[in-house]
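Copied over from TrEMBL, here are the features:
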- E144: active site (ACT_SITE)
- C101, H143, H147: Fe cation binding site (BINDING)
Amino acid sequence: MAIKEIVKVNKEKTPEVLLKQCAAVSNFDTETESLAQDLIDTLNAKNHPEGAGLAAPQIGVLKRICLVKKYISESQELEIIMINPDITSKSSTKKVDLEACLSIPNVYGYVQRSTNITVSFYDIKGRKHKIKASGFLARVIQHEIDHLDGILFTTKTIGKVYTEEEVDHLI
């Protein structure tokens, strides 16, 4: 249970851990709980830029576990740990929107994603859940599950990628 360093892409190379399919979690034990807490601690320590989600490979662990934040209000958020998440349905309605990633600093791009999804997953106690997500939460979940499959958002961008300075001029 600690703040971990986030694995980052650099100009020379993309770290292998970000490009590999993660193994399913089969034991809901203290090791799994510790990994979940590491994700929470690490994401909560990020201030600039702040993240809306974090996946285990982003802290160097090839396991199918991720954290997403559901924003309830400007001052309230819910942290959801998803173990072995599986998107069971996606809407045919899609939206193109700007994305970024803590593992790819200062890079932004437009990505098309389903606006509504249903996802099943396990919590840290091994209980199965199924939720419907829409809008920003659906986007974050899809982005984090891509990480678990070794896919970076930059492989899905439509058009060019932008720096933070360029994005400031777009908005």
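Just so you know, glycine gets a Cβ as well, placed from its N, Cα and C.
No curator has checked TrEMBL annotations; they are predicted automatically.
Shown on the structure are the features that TrEMBL records.
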| residue | record | contacts (Cβ under 8 Å, 6+ apart) |
| --- | --- | --- |
| C101 | Fe cation binding site | V107, H143, L152, F153, T154 |
| E144 | active site | G53, L54, A55, C66, L67, V68, M82, P85 |
| H147 | Fe cation binding site | L18, A55, P57, Q58, C66, S103 |
Exercise. Could you say whether, by DSSP, H143 (Fe cation binding site) belongs to a helix, a strand or a coil region?
Key: helix
Exercise. May I have the list of same-chain residues other than C101, H143, H147 whose Cβ is within 8 Å of the Cβ centroid of the recorded Fe cation site, in sequence order?
Key: G53, A55, Q58, E99, L102, S103, E144, D146, L152, F153
Practice problem: Tally every other Cβ atom lying within 10 Å of the Cβ atom of H143 (Fe cation binding site). | Solution: 23
